[in-house]
Each structure stands twice: as C-alpha cells, then as structure tokens.
Amino acid sequence: MAELEHLGGKRAESARARRAEQLRRWRGSLTEQEPAERQGAGRQLQTRRGSPRVRFEDGAVFLAACSSGDTDEVKKLLARGADINTVNVDGLTALHQACIDENLDMVKFLVENRANVNQQDNEGWTPLHAAASCGYLNIAEYFISHGASVGIVNSEGEVPSDLAEEPAMKDLLLEQVKKQGVDLEQSRKEEEQQMLQDARQWLNSGRIEDVRQARSGATALHVAAAKGYSEVLRLLIQAGYELNVQDHDGWTPLHAAAHWGVKEACSILAEALCDMDIRNKLGQTPFDVADEGLVEHLEMLQKKQDVLRSEKETRNKLIESDLNSKFQSGLFKNKEKMLYEEEIPKSQDTEEENKESSSSSSEEEEGEDEVSESETEKEADKKPEATVNHSNSEIKSRIMEQIPAPAQNTFSASSARRLSSLFNKAEEPKDESPSSWRLGLRKTGSHNMLSEVANSREALRDRGSSIYRSSSSPRISALLDDKDKERENKSYFSMLVPRRLSSTSDIEEKENRESAVNLVRSGSHTRQLWRDEAKGSETPQTIAPSTYTSTYLKRTPYKSQADSTAEKTADSVSSSTPLCVITNRPAPSTANGVPAATVFSSAGTDPSVEAREKRRSYLTPVRDEEAESLRKARSRQARQTRRSTQGVTLTDLQEAEKTFSRSRAERQAQEQPGEKLEDPGGLEGSTKKQEPSAAPTKGAGEGRSLEEEPIYHRLRYPTQPDKPTTPVSPSASRPSLYTGSHLLRTSRASGPDSENSETSTHATAAKEMDTSEKGEADLDDQSSNRLSVRERRRAKDRRRGTGINFWTNDEDETDVSEEVKEALHERLSRLESGGTNPTSSDSYSDRASARARREAREARLASLTSRVEEDSNRDYKKLYESALTENQKLKTKLQEAQLELADIKAKLEKMAQQKQEKTSDRSSVLEVEKRERRALERKMSEMEEEMKVLTELKSDNQRLKDENGALIRVISKLSK
C-alpha cells in the first residue's frame with residue numbers, strides 16, 4: 001500500500017509540472033499579450049455574426065447520400081438536378097461504390113434511375129469489373145441482365161473474366177462472352193489498332209491532330225509508351241511528335257514507360273534521343289519513378305544515348321564543313337557541269353516530243369557515228385552558256401526565268417528534271433573515274449519497252465538526232481569536247497590491248513576508258529542495239545566478227561616470222577582488232593582456207609570499223625557459266641594430251657598405220673635405185689603434194705588459238721633420224737596421209753614395169769612381209785593398249801557432263817571392231833598380193849613358211865576380234881550398279897560396326913563408372929563404419945566410466961543408509 005501511495009504521488013507531481021509548463025508557454029504567447037478589451041470585442045463580433053458554415057458540392061452530397069443508403073435523400077437530389085453518373089477524384093460513380101459495398105438494393109435503385117452500367121473509372125474499370133473482382137455473383141448477373149458489356153477492357157488490358165477468381169464467376173462471364181459473340185483478343189487490341197490507324201493517318205498527312213486528355217493532359221505518345229504500343233510509338237516519332245512532351249504533372253513519355261516497366265518503349269525513346277534527365281513537377285527524373293528492375297537498363301540506355309548523340313554531332317559537323325567548303329569553292333566550276341541553253345527550231349518540236357516520250361525508259365544510248373558526235377560538240381560550243389551563281393536560290397530562279405513558254409520549249413521534260421536534280425545534289429568530285437559514275441547509272445531495261453524504244457531510236461536516226469539519253473544520264477557534251485583526254489585514252493588503249501586482252505576485268509577497264517560516253521544497259525537491250533547496227537551498217541565485212549555471245553577468250557599471240565612485214569602486220573592487227581568471240585561455226589577465213597592473219601589485217605585497216613568499236617556500248621562483262629565449263633573441258637583435254645599414260649585412240653592408230661606404210665614405201669624406193677632413176681618424179685610428186693598440205697596446217701596452227709579447236713589429238717610418229725616428230729591436227733594431217741598411201745600404191749603399181757630382177761623383187765617382198773609382221777605386232781599391242789585404256793576411260797564417259805559435250809571415237813565399239821577387222825584384212829591382202837608375184841621364182845619352203853605365218857596372223861586376228869567382242873559385249877552399267885550395291889552393303893556394314901563400337905564404348909564407360917562408384921561407395925562405407933566404430937568405442941569407454949561411478953554411488957548410498965539407520969536408532973533411544 002505504501003508503494004501505491006508513493007506511485008500516486010509521483011504522477012500528481014508530474015501532472016502539476018506539465019501544467020506549470022503549459023502556463024509558462026501561455027504567458028509567453030502572443031494571445032496572452034493582447035489587451036483584454038480587444039479580446040472581448042473579438043468574441044462579441046464572432047457571436048454577432050454566428051458560427052461559420054461549411055458547404056459541400058452537390059456531387060459530393062449525392063455520393064455521400066448513395067453511400068449511406070438514404071434513397072429519399074437521393075431522390076430529392078435527383079429531383080434538384082444532380083447527375084446520377086457523377087464521379088469522385090478516382091472516377092468512381094455511385095454505382096461503382098454501391099457494387100463495392102455489396103448494396104444490391106442501391107444498385108437496383110441506381111440502375112432503375114438510368115445509371116450507366118458501362119461507366120469506366122480512371123483505371124478503365126466498369127461496375128462489372130468491380131463485381132467480378134469482388135466475387136459478387138448476384139450483382140454480376142443483375143448487371144449482365146441489364147446490358148453490361150463483358151468485353152470492355154481496363155487500362156491494363158483486362159476484361160471482367162480476367163479479374164474473376166471464383167470458378168462460378170469465371171464460368172458465368174465466359175458463357176456470356178460466347179453468347180454475345182465477343183472476340184476478347186480483338187477487344188484487347190482495339191485501342192492499339194485505333195491508335196495505329198490514327199498514327200498512320202498523321203504520318204501520311206504530315207499534320208498531327210492529337211487532343212490531350214482533359215483530366216491528366218496525357219498525349220498519344222504517353223499512352224503508347226505506358227502501354228507498350230511499340231509500332232504506334234515508332235510511327236509517332238517518325239511523324240515528328242515531340243519526344244519530351246509533358247502532361248499536367250510534368251511526366252514525359254519516358255516517365256510513363258519507366259514507371260510501368262515497358263523496356264522496349266524506353267529503348268525506342270532513348271534511341272530517338274529523348275531527354276532522360278528531364279524532371280516532373282515534383283523534381284523526379286525517369287530514374288526516380290522507374291520500376292526497380294528497369295533502372296540498370298535505363299543507365300545502359302543513357303550511356304548508349306551519349307554515344308549516339310556524339311556520333312550525330314560529329315556527322316553534322318562534317319556535313320556542315322563539307323557544305324561550307326563546297327559553297328566557298330563554288331558550284332559547278334568545271335565545264336562538265338555547265339548548263340547549256342538549247343536552241344531548237346519550232347520545226348523540231350515533234351522530235352522533242354519523241355525524246356520526252358522515250359526519256360522515261362531505262363536505256364542510255366549514244367550517237368551512231370563520230371560525225372553526229374562532232375556536230376553535237378560544235379553546236380554545244382556555239383550555244384550560250386547559262387551563268388551559274390553559288391546560291392541555290394539564285395540558280396533556281398535563273399533557270400525558271402530562262403525556261404520559255406510551253407509552245408517554244410527548248411528543254412525536254414527529262415532535261416528539266418535533270419537540272420533540278422543537279423541542284424539538289426552535292427557537287428561530284430572532278431577526277432572521278434568513268435567506271436564509278438557509270439556504275440551509279442546502271443539500270444535494268446524494261447523488256448516490254450524494247451520494241452517501242454527501238455522504233456523511237458530508228459525514228460531519231462532518220463531525222464538526224466545526235467544523242468539519245470535517259471532521264472537519269474548526265475550531260476556528256478563536255479566530255480566529248482575534251483579532245484586531249486580522248487587522245488590519251490585512245491593511245492593508252494592501243495598500247496593496252498595487245499598485252500591485256502585476257503581477263504574480264506581488263507575488258508571492263510577497256511570499255512570504261514575507251515567509251516566514256518557509253519552508259520550501262522541490260523543484256524536484252526544490248527543485243528537489240530547490235531541487231532539495229534547490223535541492219536543499218538553499210539560495211540557487211542565488219543558484221544562477221546561480231547556475235548551475240550558474251551564469252552570472251554584470250555587470243556594467242558602470233559608466232560615469230562622471218563618476214564618483218566608480217567611482224568608489222570601482226571602488231572597492227574593486235575592493236576586494232578576487237579575481242580575474239582567464240583562461235584559454234586568456224587570463222588569465214590578458216591572455212592575458206594585463208595590464213596587468219598589476212599582477215600584480221602583487212603578488218604583492222606578499216607577506220608570506220610575501229611570507230612564503231614570504240615563507240616559501241618557493250619554489256620558489262622559477266623562471268624559466263626558456259627565459258628567456264630568450256631574452259632575447264634579444254635584444259636582437261638590439254639592435260640590429257642600432255643600425259644604420258646594417255647590412251648591411243650582409233651584415229652591415232654590409223655594415222656600411225658598410214659605413216660608407217662608411207663615410211664616403208666620410202667625405204668622400198670631407196671632400195672630400188674633403178675626404179676628411182678626411171679621414175680624420179682614419184683617421191684618428188686609426193687613431197688610436193690605433202691608440202692602444200694603442211695603449209696595450210698602451219699598457217700592454221702598459227703592463226704587459230706589452241707582453245708578454238710574442239711578436240712585435240714597429239715600424234716606420236718615413229719622416231720626417224722632424218723625427220724623430226726611434229727604434232728599434226730587431224731584435219732590437217734589427213735590429206736598428207738592420203739597422199740602417202742597413194743604414193744605407196746603408185747610405187748607398187750610401178751613395180752611390175754621395172755627392170756629389176758626377180759630376186760630383188762622377192763627380197764623386197766620378204767622384207768615387206770617381215771616389216772608387216774612387226775607392224776602387226778605393234779598393231780596388236782596398240783589395239784590391246786587402246787582397249788585397256790578404253791576400259792579405264794569408260795567411267796569418265798559415264799559421268800555427268802558439266803560443260804560442252806565432246807564426241808569421241810570411243811562411243812561406238814562395234815564400228816571400232818569392224819574398222820580394225822577391215823584394216824587388218826586389207827593389210828593381209830596387200831601383203832599376199834605383194835608376196836605372191838607370178839613372175840617370181842620362190843621356193844616351196846618359202847610358200848609354206850608364208851602360209852604358216854598367215855595362219856598365225858589369222859589366229860591372232862581371231863583372238864583379237866574375240867577380245868574386242870567381249871569388250872563390246874561387256875555391260876558397264878550393270879558392273880557400275882553392282883559396284884554401287886556392293887559399296888552400299890559395305891557402307892551399311894561399316895555403319896553397323898560403328899554402332900556396335902559405340903554401344904560397346906558406352907557399356908565400357910558405364911561399367912567403369914559403376915566400378916568407380918562402387919569403389920567410392922565402398923570407401924565411403926568404410927569411412928562410415930570407422931566413424932561408427934570410433935563412436936561406439938567412445939560410448940563404451942564412457943559407459944565404463946559411468947559404471948565405475950555407479951558402483952561408487954551404490955557404495956556411498958549403502959553407507960548413507962547404514963548411517964541413517966544408526967541415526968534413527970539413536971534418536972529413538974534419546975526420545976525414550
């Protein structure tokens with residue numbers, strides 16, 4: 001009690017101290033210092049005016065009455081004109097509030113008094129959204145029965161069914177969605193589609209007609225950034241929308257995108273160089289209001305924006321300095337950029353119309369001959385030049401002044417467009433190569449405009465028009481004026497052609513240097529122009545070298561000749577001839593037997609042809625696949641002719657046989673001096689016949705390159721001490737071989753008429769038979785070698801060809817065997833006719849030996865023919881298919897073996913892993929056992945100690961019991 005009284009005294013003392021502190025503050029206040037009269041007057045004035053009254057707005061009174069459920073007060077307010085759909089600061093109506101409060105009676109009262117059931121608040125929520133979120137099923141059914149929409153989307157793109165959590169509510173809403181046929185995806189994208197349509201309309205019209213939201217001041221850019229409409233955002237930025245536009249709170253689109261966590265919108269705005277440090281009215285930057293997971297991304301975007309801004313500033317400085325230097329140096333200084341005012345008579349107005357109609361096509365052409373070009377240059381020199389100022393505005397105004405009335409128009413539509421495009425562009429460098437600006441003007445010609453352009457071009461030719469241009473081609477009269485440049489180009493080209501006529505790039509460089517006025521065209525137009533030039537040409541000789549294929553080849557240089565005049569002719573030809581183009585037909589010079597050098601020299605001496613070739617606009621050389629395959633095939637043929645292990649074809653065999661017979665005839669003629677004396681013109685005639693045949697061969701070999709011949713054969717003649725072995729082409733060697741066989745026949749025919757003895761004739765026949773046996777042995781070896789080579793090369797013929805197909809003599813084996821038989825029978829008959837001379841007196845033994853040799857030869861011939869038939873009857877296709885099937889079987893076996901090997905490896909790895917796991921498990925088990933054993937041993941020792949203590953305790957306990965008993969006895973005795 002004393003303590004309670006003490007505590008109560010302490011509280012009283014603290015209360016008195018607080019009151020004293022209040023009084024002290026009051027004494028120091030301004031109110032206490034005022035005079036008492038003034039305080040009393042103030043109180044009297046306040047009581048006279050009455051207490052102050054607080055007045056609320058009608059909307060707030062209406063919402064308060066609805067919240068309290070006072071229907072009578074609500075009716076009075078509605079009668080006085082209150083809005084039933086009035087909203088509070090958050091956009092909530094009385095119906096929203098009644099739905100949230102689950103006041104079904106007030107909901108029915110408001111709906112019956114025509115409250116809007118689809119009214120949205122500031123977040124886009126309708127009363128049905130609220131009912132679905134709260135799970136009020138009866139209110140939701142009532143809303144749906146009175147026309148509430150289940151497809152309205154709130155600000156976050158959610159429909160009422162998305163907010164429903166209870167299964168019954170979700171089923172009800174989804175059933176109504178199906179019943180009303182509402183497309184929820186379309187409803188979610190409706191706002192974005194509408195904004196996308198408006199943004200495209202603003203972009204196309206060039207005028208942005210956006211209306212800010214009255215409540216928040218938000219723009220379309222704010223909405224697109226906050227909701228992540230990326231496409232709308234890009235279109236609005238492209239239309240020129242202000243990136244840093246602010247709403248009523250000072251928020252920019254970047255604030256909205258950062259606050260709602262839209263990363264893509266932040267990236268788009270930052271890359272468009274928006275202000276990332278701008279502050280709203282509360283002093284917050286986008287970093288301050290951003291979502292926590294987006295701050296690092298914004299910092300990275302700010303660094304990237306700094307880099308982009310510095311690059312843009314550097315680019316702008318370069319552009320400004322470039323423009324300033326160009327304006328200071330003056331525009332269009334050189335003669336190539338000067339404007340010429342064309343003066344054309346009224347009689348040529350129709351020609352100008354034709355030029356206008358054809359100027360829109362994609363062809364760029366030049367004049368037909370140098371006469372028209374020189375006339376154009378003279379007219380351009382005589383025409384007055386328009387004065388050009390450095391200012392673009394003055395230039396354009398002067399051009400407009402110089403353009404006369406439409407009736408006396410001196411410019412075509414294409415030239416006017418050309419002039420306007422010249423002023424809008426920056427000045428091009430002076431020393432630009434022709435190839436660079438020509439490549440910039442390359443266009444693809446329209447195929448259906450070809451005939452129309454060709455007709456207009458012929459009409460312009462007939463009327464004497466000078467140059468035929470396209471709307472995009474620059475004026476090149478100044479280039480034609482520059483005679484020095486033209487001479488340098490011509491001299492350079494004349495030096496360049498003999499050395500560099502091989503590659504496609506050299507051809508392109510030649511065309512660029514030679515014809516600077518030519519413009520690049522498509523292939524179809526080029527062919528059409530060549531046909532037109534061929535039709536209108538007056539010299540038909542120049543059409544022969546030109547073809548319509550674009551396969552350019554290297555031309556081999558001429559061989560050195562003894563005549564100096566021929567060397568000069570070859571040099572002049574190589575510097576003036578155009579490129580050689582392959583055709584499938586032989587050249588006229590080679591077909592007629594005339595050397596190619598003569599034709600080239602005649603073509604090179606024509607000056608009109610040279611001018612035509614220099615002015616002609618060729619198609620830009622393109623790598624031709626056919627030319628590539630042709631080159632590969634020919635190089636393969638050349639490699640085959642160089643190999644020492646190549647096969648001997650039937651043609652080689654026939655040529656060797658005829659050459660061998662010719663050499664044998666020469667030896668026979670040498671052994672018969674009397675026959676030589678009687679007929680000294682035999683061999684001379686044959687050699688005379690051989691020399692003319694060898695001459696055109698040499699000429700053809702020099703005039704024609706190795707690549708122009710379809711098939712190459714290199715013959716190997718028997719080595720002779722007095723006659724070197726030379727390669728002869730088949731077309732050139734056949735006449736000489738025919739003359740050789742003719743010489744043999746004439747020598748044989750002159751044999752019976754000679755005055756030699758029978759013994760010499762018999763010896764000659766015997767030698768001839770011996771040599772024929774050797775030749776037949778060689779023939780057998782060659783034929784067997786040829787057949788084995790054909791077997792080896794058969795697989796190559798079965799391959800798919802990638803280039804031009806070459807015909808070989810190996811394709812028909814039946815014909816080969818028949819030709820071999822005929823050749824062998826012919827030789828046997830010749831030998832028999834030569835050996836059995838009726839005038840000779842040979843012995844019976846000689847005839848028997850000859851018969852034996854003949855039978856041996858027939859046996860060899862039969863074996864050879866049987867071998868040929870076996871080779872011809874062999875089906876290589878079946879062999880190839882069998883090899884393929886065997887190869888496939890081996891592949892499958894290999895795959896199976898590989899699979900088995902992989903399985904075995906996997907099993908081995910698994911077993912090794914299991915073994916390792918077992919060993920590791922065993923070691924771990926051993927460790928555990930060791931630990932348990934140690935623990936048990938420790939426990940045993942502890943238990944032993946406890947047992948010792950227990951025994952001691954038992955002994956102590958017993959001792960204490962004994963003492964206790966003794967004490968009890970003592971006490972009992974004392975008590976007695």
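Backbone N, Cα and C define each Cβ position, glycine as well.
SER29 is the residue among SER29, SER503, SER731, SER817 that Swiss-Prot labels phosphoserine. If you compare SER465, SER502, SER845 in Swiss-Prot, the phosphoserine annotation sits on SER502.
From THR31, THR565, THR802, THR865, the position flagged in Swiss-Prot as phosphothreonine is THR802.
Secondary structure by DSSP for the repeat 'ANK 3' (123-152): 17 helix, 0 strand, 13 coil. Below 8 angstroms of C-beta separation, residues 93-94, 97-98, 101, 103, 105-106, 109-110, 113-116, 119 of the same chain, each at least six residues beyond the ends of the repeat 'ANK 1' (57-86), sit close to that stretch. Cα to Cα, SER941 (phosphoserine) and SER29 (phosphoserine) are separated by 86 Å.
Assigned with DSSP, the residues of the repeat 'ANK 5' (249-278) fall into helix, strand and coil as follows: 16 helix, 0 strand, 14 coil. For SER29 (phosphoserine), no same-chain residue 6+ apart in sequence has a C-beta under 8 angstroms from its C-beta.
Packing around SER941 (phosphoserine) is summarised by its Cβ count: 10 other Cβ atoms lie within 10 angstroms of its Cβ, all protein chains included.
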